[in-house]
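Engineer: Sharing a structure with you now.
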Amino acid sequence: MEEPQPPRPPASMALLGSQHSGAPSAAGPPGGTSSAATAAVLSFSTVATAALGNLSDASGGGTAAAPGGGGLGGSGAAREAGAAVRRPLGPEAAPLLSHGAAVAAQALVLLLIFLLSSLGNCAVMGVIVKHRQLRTVTNAFILSLSLSDLLTALLCLPAAFLDLFTPPGGSAPAAAAGPWRGFCAASRFFSSCFGIVSTLSVALISLDRYCAIVRPPREKIGRRRALQLLAGAWLTALGFSLPWELLGAPRELAAAQSFHGCLYRTSPDPAQLGAAFSVGLVVACYLLPFLLMCFCHYHICKTVRLSDVRVRPVNTYARVLRFFSEVRTATTVLIMIVFVICCWGPYCFLVLLAAARQAQTMQAPSLLSVVAVWLTWANGAINPVIYAIRNPNISMLLGRNREEGYRTRNVDAFLPSQGPGLQARSRSRLRNRYANRLGACNRMSSSNPASGVAGDVAMWARKNPVVLFCREGPPEPVTAVTKQPKSEAGDTSL
């Protein structure tokens with residue numbers, strides 16, 4: 001029969017030893033402890049204490065040792081991870097934050113330009129195409145201007161968005177030299193072609209206003225001549241914008257010839273086309289149109305300042321309004337010319353400067369080049385804003401169909417034709433809105449023989465301000481229509 005073994009002391013008692021000499025020991029019989037047993041107990045106690053200390057350090061660091069690899073090896077990694085989490089952001093993170101804020105601001109500016117240019121020019125083109133009465137000579141030039149600005153927004157600005165999120169300094173790989181070279185040529189072609197068309201279209205609008213106000217009525221630009229001028233403008237833009245450097249021998253792409261450099265290059269390749277081509281491009285497509293704009297509006301302002309009668313005989317009230325509507329259109333075009341020169345002037349200056357210095361195209365574009373290109377894009381977004389400010393009836397023209405409003409020649413005939421949709425309160429508000437601005441005109445109409453219809457004529461002139469989109473002249477009395485020759489039609493700008 002086996003003797004029952006005495007109960008084993010707790011682990012703490014075994015590690016610390018017995019306080020009495022006769023106490024049982026885990027290493028030997030009662031009555032004393034040997035040196036070997038004492039050494040084993042001390043070594044085990046040391047290892048256990050170290051392990052418990054490591055576990056406590058790992059738990060204080062905020063992470064367990066098991067996911068880091070387990071045991072003693074994972075505790076060091078856990079302490080390092082905890083320290084990394086608690087480490088504050090250093091000064092090296094400031095450039096990253098500032099770069100992100102700059103990219104976000106540039107993206108917002110590009111988005112604003114894109115929305116104004118695309119939506120605004122689409123609205124302008126829709127107004128002209130929707131209403132048959134607005135398909136006139138001046139509106140043909142405006143349609144060309146809006147089309148070029150719209151194509152610039154659709155084909156050039158998406159590449160600028162892509163450039164914002166492209167790592168800086170990236171160059172084209174050797175395997176993609178051919179496609180990359182074609183992309184650079186296409187980018188320059190779109191930007192140059194549509195910019196030239198936009199500038200030439202504004203010059204043609206100025207020429208049309210000059211012929212309408214300064215020259216005799218028989219010298220106005222006709223439809224056939226307008227189509228010829230527009231065709232010449234587009235062909236000139238195509239001729240100067242074609243990538244002629246592709247016809248030469250292909251050259252090695254420079255390391256700095258990046259996506260950013262292709263997009264914001266402000267001049268043709270001087271190594272293949274020469275500086276003379278850049279100078280000729282600026283002079284023929286920008287400086288000469290600028291001079292034509294200034295010449296036309298100088299004579300327009302001079303004619304208006306000297307005498308109204310020298311432009312055409314003013315013997316009816318309707319002709320007075322017609323003349324002032326033409327002057328108002330010329331004023332709007334003058335505002336457009338100021339913005340065109342301000343937006344395209346820096347670009348032309350940089351092109352001439354690069355041609356004079358024989359700057360190489362492999363140099364990265366400077367900040368001035370980027371700002372100059374962005375200003376040319378912004379010009380396409382400014383023009384629709386000018387239309388909307390100078391003509392408060394843009395929304396009315398967009399919402400009105402062809403048969404409404406333009407079939408009649410009289411405001412009083414237009415108002416009842418709207419039926420129950422336009423109540424009496426709306427009609428009175430519409431009349432008061434434009435009648436309050438007619439102080440001088442109404443005083444002049446009191447001496448007019450046709451004062452009975454002068455109010456309707458004045459209301460038509462204020463309700464349909466001749467800003468840009470051209471249409472037929474203001475309504476005249478039936479008796480006056482039979483006396484007036486048909487060749488003296490009114491201004492045809494909206």
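Think of each number as a place in line: the chain as shown, counted from 1.
Yeah, the Cβs are placed from backbone N, Cα and C, and that goes for glycine too.
From Swiss-Prot, for reference:
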type: COMPBIAS; residues: 1-10; note: compositional bias 'Pro residues'
type: TOPO_DOM; residues: 1-12; note: topological domain 'Extracellular'
type: REGION; residues: 1-35; note: region 'Disordered'
type: TRANSMEM; residues: 13-33; note: transmembrane segment
type: COMPBIAS; residues: 21-35; note: compositional bias 'Low complexity'
type: TOPO_DOM; residues: 34-37; note: topological domain 'Cytoplasmic'
type: TRANSMEM; residues: 38-58; note: transmembrane segment
type: TOPO_DOM; residues: 59-81; note: topological domain 'Extracellular'
type: TRANSMEM; residues: 82-102; note: transmembrane segment
type: TOPO_DOM; residues: 103-125; note: topological domain 'Cytoplasmic'
type: TRANSMEM; residues: 126-146; note: transmembrane segment
type: TOPO_DOM; residues: 147-164; note: topological domain 'Extracellular'
type: TRANSMEM; residues: 165-185; note: transmembrane segment
type: TOPO_DOM; residues: 186-226; note: topological domain 'Cytoplasmic'
type: TRANSMEM; residues: 227-247; note: transmembrane segment
type: TOPO_DOM; residues: 248-262; note: topological domain 'Extracellular'
type: TRANSMEM; residues: 263-283; note: transmembrane segment
type: TOPO_DOM; residues: 284-494; note: topological domain 'Cytoplasmic'
type: REGION; residues: 473-494; note: region 'Disordered'
type: COMPBIAS; residues: 485-494; note: compositional bias 'Basic and acidic residues'
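In the displayed structure, how are the listed features positioned relative to their neighbours?
Structural biologist: Nonlocal intrachain contacts for the topological domain 'Cytoplasmic' (103-125), taken as residues 6+ away from its ends with a CB within less than 8 angstroms of a stretch CB, comprise 142-143, 146-147, 149-150, 152-154, 157, 160-161, 164-165, 374, 377-378, 380-385, 387-388, 394, 398, 469.
Residue counts for the topological domain 'Extracellular' (147-164) under DSSP, helix first, then strand, then coil, are 17 helix, 0 strand, 1 coil.
Mean predicted confidence for the topological domain 'Cytoplasmic' (186-226): the pLDDT average there is 88.
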Engineer: How do the residues of the topological domain 'Cytoplasmic' (186-226) split into helix, strand and coil according to DSSP?
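Structural biologist: Tallying H, G and I as helix, E and B as strand, the rest coil: 35 helix, 0 strand, 6 coil.
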Engineer: State the residues, same chain only, that lie 6 or more residues beyond the ends of the topological domain 'Cytoplasmic' (186-226) and have a CB under 8 A from a CB inside it; answer 'none' if no residue qualifies.
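Structural biologist: Hits for the topological domain 'Cytoplasmic' (186-226): 137-138, 140-142, 144-145, 147-149, 151-152, 155-156, 159, 233-234, 236-238, 240-243, 262-263, 265, 268, 281, 285-286, 289-290, 292-293, 295-297, 299-300, 303-304, 311-312, 323, 326-327, 329-330, 333, 336-337, 340, 344, 347, 373, 376, 379-380, 487-488, 491.
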Engineer: Under 8 Å between C-beta atoms and at least six residues away from its ends: which parts of the chain pack against the topological domain 'Extracellular' (147-164)?
Structural biologist: 103, 106-107, 110, 113-114, 117-118, 121-122, 125, 187, 190-191, 194-195, 197-198, 201, 259-260, 263, 377, 379-381, 383
